Amino acid sequence: MKILIADQIRALDNYTIEEEPVPSIDLMERASKAFVRWYTERFNQSGKVLIFAGLGNNGGDGLAIARLLDNLGYEVEVNIINYSDKRSEDFEENLHRLEKMLMVNWICDEEDIENALKNGIIIDAILGTGVNRPLNGIIKETILRLNRSNSTKISVDIATGLYTDSPVEPDAVIFKPDFTVTFQLPKLAMLLPENENFVGNWYKADIGLHVEFIENCATDYFYTDKIQPKIRSNFSHKGTFGHALLIAGSYGSIGAAILASKACLRSGVGLLTALVPECGYEIMQVSVPEAMCKTDVSKHTISTLPKDLTVYNAVGIGCGLGKALETVIFLENILKSFHEINPKKGLVLDADALNILSENKKLLDLLPPGSVLTPHPKEFQRLAGGWANDFERLKLLRQFAIKYKVIVVLKGRHSAVALPNGSVHFNSTGNAGMATGGSGDVLTGIITGLLAQGYPPEEAAISGVFKHGEAGDFAAQKSGQMAMIAGDIIENLRW
Ligand SMILES: NC(=O)C1=CN([C@@H]2O[C@H](COP(=O)(O)OP(=O)(O)OC[C@H]3O[C@@H](n4cnc5c(N)ncnc54)[C@H](O)[C@@H]3O)[C@@H](O)[C@H]2O)[C@@H](O)CC1
Ligand SMILES: Nc1ncnc2c1ncn2[C@@H]1O[C@H](COP(=O)(O)OP(=O)(O)O)[C@@H](O)[C@H]1O
Ligand SMILES: [K+]
């Protein structure tokens with residue numbers, strides 16, 4: 001699914017109005033009905049609904065929502081923030097329709113704000129995607145006061161004051177909803193960690209905007225909400241699904257090799273060999289009998305390039321690897337020789353493999369094109385330097401992927417997969433229960449397994465991240481986020 005910028009969304013609205021065709025007031029009605037559907041599935045008629053509306057189309061939505069909820073028997077109070085003389089046509093029309101049924105309150109000063117605040121659910125329809133400057137005056141005062149309320153708060157389309165696709169000023173006043181119900185497409189701002197408080201849990205409400213227009217819109221940002229794994233042929237055999245090599249573990253971190261190996265096996269790979277330090281041999285053989293195990297000459301670390309690398313279809317390096325000097329030399333050697341092994345082979349680099357790259361930046365030039373790097377934010381910072389805000393981080397991420405022709409998975413809520421063509425695919429699955437040691441090792445195993453089966457690296461990364469999060473969601477359903485551990489993600493992988 002595409003993520004569009006505010007100007008494109010406006011053009012999409014207008015195109016839908018002209019081409020469907022649908023009068024804009026009816027499109028607003030459709031959007032408001034979609035919101036009301038979401039609302040009535042979650043909240044019953046007990047208690048008040050306090051709607052705070054602006055004077056543009058987001059405000060128009062708010063007034064239509066008020067009328068629809070009133071029709072359904074909800075006790076609705078409408079407060080219009082009187083911040084300007086300008087009103088949109090559809091706002092005026094919805095005000096006209098509403099005033100036949102309900103009295104509205106006009107908020108002009110602080111006393112009006114205090115009078116409007118009662119017990120009830122707060123719906124923010126003050127400003128939407130049209131916001132283009134920091135809030136001030138009566139809107140700012142209203143938002144400051146609403147944010148102090150303990151009531152449940154819901155934003156229509158996007159929180160008032162939050163920019164759709166650029167950073168907000170550090171001291172900006174922005175509405176802080178518990179929920180956002182956004183129309184048709186996710187907005188970029190909602191996927192960035194720094195905006196967490198200005199988004200809450202967000203939901204998408206389909207309002208039937210023009211599909212062909214969306215298809216033709218150019219964008220670098222995508223949202224992965226489904227993937228299509230390959231079907232396994234009935235006549236397939238283990239040779240069909242590739243042979244993966246995982247190079248992982250050091251003394252005290254053999255568990256990382258186990259987690260990555262099990263995840264790789266549960267992602268459909270034909271054969272798996274794990275290369276671990278000598279101290280890991282028995283642990284691996286006992287814990288993961290399905291994998292073959294090779295050991296390094298070094299007792300506690302990985303130090304030496306295996307001789308028969310050409311056998312493998314994909315190699316994953318880094319989980320629990322450590323940063324011993326001999327391991328640094330090993331990584332340099334494998335990067336140097338990788339293109340000779342076979343340029344089509346996939347390579348995944350995670351954890352200490354990335355930390356070694358950060359501490360030896362000249363090694364970055366040896367990265368084989370199409371490699372998959374899976375840093376968490378700290379690892380990415382070490383690799384690429386710091387940033388002032390999440391939009392700048394996104395820019396760095398894209399620049400890094402383009403410069404080194406690699407795929408970078410920046411992990412977290414809505415992990416961002418940046419491709420060498422500069423596009424970024426945000427993931428939809430996963431939950432905070434996955435914020436636990438070893439979850440990243442599981443992801444490395446999954447992506448390595450997909451690469452070994454012949455998935456192109458871009459697809460292996462996007463699909464692997466999606467399935468990893470989905471398995472985390474299944475695990476959380478069973479044991480709850482607090483109780484789940486990385487091994488549960490593996491147990492809940494379903495393809
Ligand atoms: N155009 C359409 O057909 C549809 C629009 N919809 C709604 O319309 C919203 C966008 O509506 P608008 O483009 O009218 O914009 P808004 O309602 O977000 O804002 C209204 C106007 O306020 C002004 N403004 C911007 N920043 C301000 C600030 N800080 N203080 C005071 N005024 C400020 C701008 O002139 C802006 O156009 C969407 O978020 C969505 O809720 C939906 O009804 C779906 C259909
Ligand atoms: N709040 C969250 N929501 C969704 N996914 C998360 C969240 N926290 C962590 N994850 C996922 O869990 C994994 C953690 O990886 P990482 O930090 O490398 O863990 P480790 O190094 O312990 O293996 C990543 O794939 C990340 O996307
Ligand atoms: K809003």
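For all residues, glycine too, the Cβ spot is worked out from N, Cα and C.
According to TrEMBL, the domain 'YjeF N-terminal' annotation covers 9-215.
Taking Cβ-Cβ distances under 8 Å and a sequence gap of 6 or more within the same chain, the neighbours of D157 ((6S)-NADPHX binding site) are A31, N58, D61, G128, T129, T180, V181, T182, F183. DSSP classifies D157 ((6S)-NADPHX binding site) as coil under the three-state reduction. As annotated by TrEMBL, (6S)-NADPHX binding site applies to 57-61, 128-134, D157, A256, G320, H376, D441.
Summarising the annotation, TrEMBL assigns K(+) binding site to N58, D124, T160.
If you look up TrEMBL, you'll see 221-495 marked as domain 'YjeF C-terminal'.
Marked as AMP binding site by TrEMBL: K411, G412, R413, H414, S415, G440. In the three-state DSSP assignment, the secondary structure recorded for R413 (AMP binding site) is coil. Shown in sequence order, P193, G430, A432 are the residues of the chain, 6+ apart in sequence, with a C-beta less than 8 angstroms from the C-beta of R413 (AMP binding site).
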Based on Cβ atoms within 10 Å, give me the single least packed residue among the binding-site residues T129, T160.
T129
I want the residues beyond K411, G412, R413, H414, S415, G440 whose C-beta is within 8 angstroms of the mean position of the AMP site's C-beta atoms, in chain order.
H376, V409, L410, A416, N427, G430, V465
Of the binding-site residues listed as N57, H376, H414, S415, G440, the one whose CA lies nearest the CA of D124 (K(+) binding site):
N57
Assigned conformation of N58 (K(+) binding site) - DSSP reduced to three states:
helix
When DSSP states are folded down to helix, strand and coil, where does G440 (AMP binding site) land?
helix
